[in-house]
Amino acid sequence: MTARHNERYPTHATAEHMVALHNRLRTLDFALQGDLSFFQSWTFFMGEDYKSKIGELVPVGPYAGSLGAFQAGVTLRTRYPDLRATAIARNQTNFWAADSHRVVETAKHFAVGFWGVDWNTDTAKLHIIPETSGLGADTLTTGNTCKAYLKPHNPEGRHKGLHKLKEWQNIYIPPIIQRLEQQNPGLNLSIHEVFSMQELCGFELLARGSSPWCDVFTHDEWQDFEYARDVLHYYRTGPGNKYSAGRGFPFLNATTNLLSNGTSAGSLFFSFVHDGDILPLLSALDLFPSAQDLPTDRAPEDRLWRTSSIVPMGGRVEFERMICPQVYCHSNAPLYPNHVYCNPPHPEPYVRVVVNDGVVPIPGCDDGPGKSCPLAAFERKVMLRGWEVGDFGRLCELEEGAADKITFLHQ
């Protein structure tokens, strides 16, 4: 399993934009009317000490990140009790987290739910993997090590998502500005300010349980905002970015090796990362294929790529290795068309991918039990995909001798 950290406060840039919006609206020489009239009595949900909360897990409330991570641990403890028991009996209880405070805290709260309150005494061991730039492919966070992806003036790199986002914002936000300014002449909103208002809804909802900002926008405007997030992530770290699949392949390849080795490698492997690390993994497996890239002049309703369903806060991707009985039959047709001979059932390994508790069929390989893929076919698919996405070091323009695979993922 690889999982995104759970519900958090906004990160630095997003929080600063919210504060700037709040401060500007406070300095207006008129009271806001219409859909924004609530602002006169509204207080900023992060408080005056907001900088201490930036990027941290939400600690309390119905959508607390700490609670969500704990519940995820309980869910998997309930779903896989035999695997948990086997891992403990064999002392194969290592798990991993990227070196970000919210990610590490998510892993710890998950561990309480899965292993128990005293997990760190003698049950399991958490390994924190640095997010530094010099690790090559031997990391959980290739977005920090892929030099070509990080180049500031690379139009196909990390900033591609922001450029595509702006294109869509320029389409859907101006009518919102017009509506709010008709209610409040002289307001002079910018596109970025309206986008911050929409982000305020979600983040305040996580922190307080509700937000008046959510009522400012219509259903259609929220669908447009949803698509804005889809466009951003699709082109920043998803399949719309040329580096995505290559960045995700080292983890996919390491996972495939574990699945191939079976229980001898261990029963459970848990890792905790950011959304920008999970999406490349899904791209490497080509799990949510699109007939064409997401447009920025309209929002297709029939799209498969929906960020809120794929990598919500606390989102998980699980690779299940299953042993299922397989019966092989043959006939003597056409001489004896009614004579069918079947061998006794033979155990065969299969792989199934579960995204946020829902089975997602692997494209071109879902004819096994429960939409699973025969392990041998999965191995071939990953091998071919590796040839397609290319060498990580060359793709990322790393120096000679840089790590080309993950080495730490073992029990």
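The backbone N, Cα and C atoms fix where each Cβ goes, glycine too.
Keep in mind that TrEMBL annotations are predicted by a computer and have not been checked by a curator.
According to TrEMBL, the active site, nucleophile annotation covers H5. As annotated by TrEMBL, active site, proton donor applies to D275. Residues or ranges marked as disulfide bond in TrEMBL: C201-C214, C365-C373.
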From H5, C201, C214, C365, C373, the recorded positions whose CA lies within 10 Å of that of the residue listed as 'active site, proton donor':
H5
Taking Cα atoms as reference points, rank the recorded positions H5, C365, C373 by distance from C201 (disulfide bond) and give the first.
H5
Site of maximum Cβ density within 10 Å, from disulfide-bonded residues C201, C214, C365, C373:
C373
Over all shown protein chains, what is the count of other CB atoms within 10 A of the CB belonging to H5 (active site, nucleophile)?
29
Number of Cβ atoms other than its own within 10 Å, given for D275 (active site, proton donor)
18
Where does C373 (disulfide bond) sit in DSSP terms: helix, strand, or coil?
strand
For C214 (disulfide bond), identify the closest of the recorded positions H5, C365, C373, judging by Cα separation.
H5
Between the residue listed as 'active site, nucleophile' and C365 (disulfide bond), what is the CA-CA distance rounded to a whole number of Å?
30
Helix, strand or coil at C365 (disulfide bond) [DSSP, three-state]
strand
